[in-house]
Amino acid sequence: QLQNKILILTICAAGIGGTFQYGYNISIINAPASYIQTFMNTTWLERTGVPLESNVILLLWSFTVSAYPLGGLTGAVVAGPMAIMLGRKMSLLLNNVFVIIAAALSGFSRMAKSFEMIMLSRFFTGMNAGVSMNIQPMYLAESAPKKLRGAVALTSASFTALGLVLGQVVGLRELLGREESWPFLLASNVVPALIQLTALPWFPESPRYLLIDRGDKESCISALQKLRGTSDLSAELEEMLAEQAAVKGQRAKNPWELFQNPSLRWQLVSIVVLSSAMQLCGNDSMYFYAAYVFQEAGIPRDKIPYVVIGTGSCELITSVTCNMIIDYAGRRPLLLGGYIFMAGWAIVFMVALSQQTQISWMPYLSMACIFAYILSFGIGPAGVTGVLPTEVFDQMSRPAAYMICGSLLWFNLFLVGTAFPFIVKSLAHFCYIPFLVVCVCTALYVGFFLPETKGKSFLEISEEFKKRNFKTKTRAGFYKGPEEIKTTTL
């Protein structure tokens, strides 16, 4: 069917220059770490005649690594206004400018003998990832038919995992992982950007954005026809027009207005809890431990990068599986199952780490835990978290909700990256206790408070949250005065 082809190609064109870049740029920095640190030292030596002390090199490297989440945070903040003013598709296209600047900076850094260019390049790369992590799920969920909305928006997580694996593969010594080729490795992120700039202009803008934000019914129908083909559009158009009527006269909200609005209380709490948990659950820290655990399990040091590719592949396999089942299983079971399993594996992992030297088969158990933890993360939290802001907020609140979501995601990534080495130092084998607490608390929140959004229209989901938001208020006390007064304010 042609319309399905158009939708699939739209997903690929948005994904390759979108969340694919987030995963790819997280993993390509690992392979050349020691070469870049050597480059920093020799550059400084040439400039001043004095070599850098090892702790200063480490500090400069920390700045280089943390420039990425810092750029991501900036990207997440500018993504909201971009999505409103330029539209979803144009924002994704313009976002490639950041990557092209980053690739030029890192590609010419060795020639220019400037390690500062690498830091700046990582900041721009982060900005690109920050924008795409927010706008791509929004663009795809708004373009998808209701029955496929979860699966289509979830492809963002599959592209992140694909980027992660390809970054690990390209970073192998046989490809671009050698000392002389690290500038090319860091600049290779320009390729997906160029693919997106060539492909995405051929596909339609989000029909919901065209109708509700722009008020352009003709363009909306034309975009829908491209995406759906000849199938009957009247039901879908009617639903969009009802949503347009519901937000009539409103303008796009700012993030702080969401906090002030009592009718959005539970939606906001839900995305704050889930976006924070996604980074605070310890999945990224598993990659930190992977090399050490594999070494303890007796895998030769030079073979470890190949096994690490297996961990990235785990996330890719589960996110693709999750894609297939999300619209059958629903959002809640996947989130709940993911966090419960992660909590279980965190306990087993800590026990295995503490017995690593005592019992001969313990390293293999730790190894199994790493794979199981990443699989549990991929099956639910990795993808579903990015879909929810699209589903639980209306058209006018959605960009602001993604700004809050994205800012939390990047801030927590920075926080975990900075704090984890200190957690390991102070808690040793029991370093997963904070992550265990996060997983248990999130599972409890999902179990008790998060409604299911599978197969419902945006208006139905909105109504369900409305009942929840105002039910808590009437329970608080029998005096109804302030509630009545509140509803008259604009």
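Glycine residues also receive a Cβ, built from the backbone N, Cα and C atoms like all the rest.
Features as listed in TrEMBL:
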type: TRANSMEM; residues: 7-24; note: transmembrane segment
type: DOMAIN; residues: 11-454; note: domain 'Major facilitator superfamily (MFS) profile'
type: TRANSMEM; residues: 56-80; note: transmembrane segment
type: TRANSMEM; residues: 92-112; note: transmembrane segment
type: TRANSMEM; residues: 118-139; note: transmembrane segment
type: TRANSMEM; residues: 151-170; note: transmembrane segment
type: TRANSMEM; residues: 182-203; note: transmembrane segment
type: TRANSMEM; residues: 334-353; note: transmembrane segment
type: TRANSMEM; residues: 365-388; note: transmembrane segment
type: TRANSMEM; residues: 400-424; note: transmembrane segment
type: TRANSMEM; residues: 430-450; note: transmembrane segment
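Here the transmembrane segment (92-112) does not touch the transmembrane segment (400-424). Their Cβ atoms form fewer than 3 pairs under 8 Å, with each pair 6 or more residues apart.
Contacts between the transmembrane segment (7-24) and the transmembrane segment (118-139): present, as 3 or more C-beta pairs lie under 8 angstroms, all at sequence separation of six or more. Within its own chain, the transmembrane segment (334-353) has Cβ neighbours under 8 Å at 274, 277, 281-283, 322, 325-326, 362-363, 365-366, 369-370, 372-373, 376-377, 379-385, 429-433, 435-436, 439-440, 442-443, 446-447, 450, counting only residues six or more beyond its boundaries. Between the transmembrane segment (151-170) and the listed ranges 56-80, 118-139, 365-388, 400-424, 430-450, the one holding the most Cβ pairs under 8 Å is 365-388. Under 8 Å from some Cβ of the transmembrane segment (400-424) lie the Cβ atoms of residues 62, 65-66, 69-70, 72-73, 75-77, 79-80, 83, 126, 130, 133-135, 137-138, 252-255, 257-258, 267-268, 271-272, 275-276, 278-280, 282, 284-285, 288, 389, 392-393, 431, 434, all in the same chain and six or more residues away from its ends. Long-range contacts of the transmembrane segment (430-450) within its own chain (CB-CB distance under 8 A, at least 6 residues past either end) are made by residues 266, 269-270, 273-274, 277, 280-282, 285, 331-332, 335-336, 339-340, 342-343, 346-347, 349-350, 354, 420, 423-424.
Beyond the transmembrane segment (56-80), the same-chain residues lying 6 or more positions past its ends with a Cβ under 8 Å from any Cβ of the stretch are 25-26, 29, 33, 36-37, 40-41, 91, 98, 115, 118-120, 122-135, 255, 399-400, 402-403, 405-407, 409-411, 413-414, 417-418.
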